[in-house]
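Asks: So TrEMBL lists the following for this protein:
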TRANSMEM  21-44  transmembrane segment
TRANSMEM  56-76  transmembrane segment
TRANSMEM  88-106  transmembrane segment
TRANSMEM  126-146  transmembrane segment
TRANSMEM  153-171  transmembrane segment
TRANSMEM  209-227  transmembrane segment
TRANSMEM  239-261  transmembrane segment
TRANSMEM  267-290  transmembrane segment
TRANSMEM  311-328  transmembrane segment
TRANSMEM  348-370  transmembrane segment
Amino acid sequence: MTSSSTSTVTERFTALDVFRGLTICFMIIVNTSGNGATTFWPLRHSDWNGFTPTDLVFPSFLFAVGNALSFVMKKWTKMKQSEVLIKILKRTALIFLIGYLMYWFPFFHLDAQSHLVLSPISHTRIMGVLQRIALCYGIVALMVYYWGDKKTLILGVILLFAYWAILLLFGTPGAEYTKTGNAELRLDTWVFGTNHLYTGEGFPFDPEGILSTLPALFNVIGGYLVGRYIQRKGKNYDMLAKLLLAGAALLFIAYCWNPLFPVNKKIWTSSFAVLTVGLDCILLGAIMYVMDFLGKTRGSSFFLVAGRNPLMIYLMSELGATLLWLIPVGGTPLYSWLYMHVFSNAGAYFGALLFAIWWMLTCWLLGYILDKKRIYIKL
């Protein structure tokens, strides 16, 4: 490999790390508001149909997973098929298991007699954020390895329409896209039972359920194909223009599809998948333009730190927040106590935002320490 090509690959990884770091930082901010009731609307998920900036966070991480996947394909071509298969399945299983254990954490609780007992897995959420990342990574990795780029893209598009058809055929007639009538809820309830579903919606319903994993594959496929395209075309204005044009085209498709199949993050509608891939194409293109074409990298090191250890920083944010809820201070969870006695003095809404930023910076500091020690957690 020549020195110039080495430089190009490094720069592309840098842009990807910034993209991923930006996603992780924003993910922590929207997940750990000091007070959910007083959170600015852009930092909240849409209640059902519709779209907010927060709804872009998780799809962007899936897009980054696909983008990173495009860079390891060259290594896989030099490995035995059995080695690649083991590598994919091992990583998929580990990420899924970590996600499951994260929801089971802290594994023990105090019973009515104040005895420390093992928390039952009978009420532990099975699906979730890391689980979806694991499944999407594993499935798409197998698709591109065995079928190549074109067949993977075609299958990804077919899955978007297949998901639409499944919701229409198996949802409650006349309520196929509603909170209680969608086919995803029916399938997850049948497979897992209500005790293993997310309850943050006020009733058992998992926004990262089995069925909606199908359209989420398109986000990883989109990131993968964009990564392949950038590597093939190189860093030039023609590549950038076509990337931005593709993003705009996807936005137009999502806009036209929305009246028939509403944009909805909770059930990850196909129009939502297309919309978010389009936005991520534009966002990644903008980052590349600023960093690689204009040469402006000031401030990028902050997001690079988060982008190099995304899994560790995300786990830190979730597990740490769980502990803050479990530690009592005068009968109040430490999480709420900190907001009420420290951050709410800045106002209900602004205080909730400051709390979220503080927690993001706390988690970022862990990433900074790991980065300085050149410790990168990779599965």
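One-based numbering along the chain as shown.
Placed from the backbone N, Cα and C atoms, the Cβ positions cover glycine too.
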Asks: Is it true that the transmembrane segment (126-146) and the transmembrane segment (267-290) have 3 or more Cβ pairs under 8 Å, skipping pairs fewer than 6 apart in sequence?
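Replies: Contact criterion not met.
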Asks: Spell out yes or no: are there three or more C-beta pairs under 8 angstroms between the transmembrane segment (88-106) and the transmembrane segment (311-328), with each pair 6 or more apart in sequence?
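Replies: Counting Cβ pairs under 8 Å (6 or more apart in sequence), the transmembrane segment (88-106) reaches the transmembrane segment (311-328), since there are 3 or more.
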Asks: How about the transmembrane segment (311-328) and the transmembrane segment (348-370): do they have 3 or more C-beta pairs under 8 A, pairs 6 or more apart in sequence?
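Replies: Yes, since the transmembrane segment (311-328) and the transmembrane segment (348-370) share at least 3 Cβ pairs closer than 8 Å, they count as touching.
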Asks: Between the stretches 21-44, 56-76, 153-171, which wins on the count of C-beta pairs under 8 angstroms to the transmembrane segment (209-227)?
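Replies: So the stretch in question is 56-76.
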Asks: Count the CB pairs under 8 A between the transmembrane segment (21-44) and each of 56-76, 153-171, 348-370, then give me the winner.
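Replies: If we count Cβ pairs closer than 8 Å to the transmembrane segment (21-44), 348-370 scores highest.
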Asks: Please work out which recorded stretch in 153-171, 239-261, 267-290 has the most C-beta pairs separated by under 8 angstroms from the transmembrane segment (56-76)?
Replies: 267-290
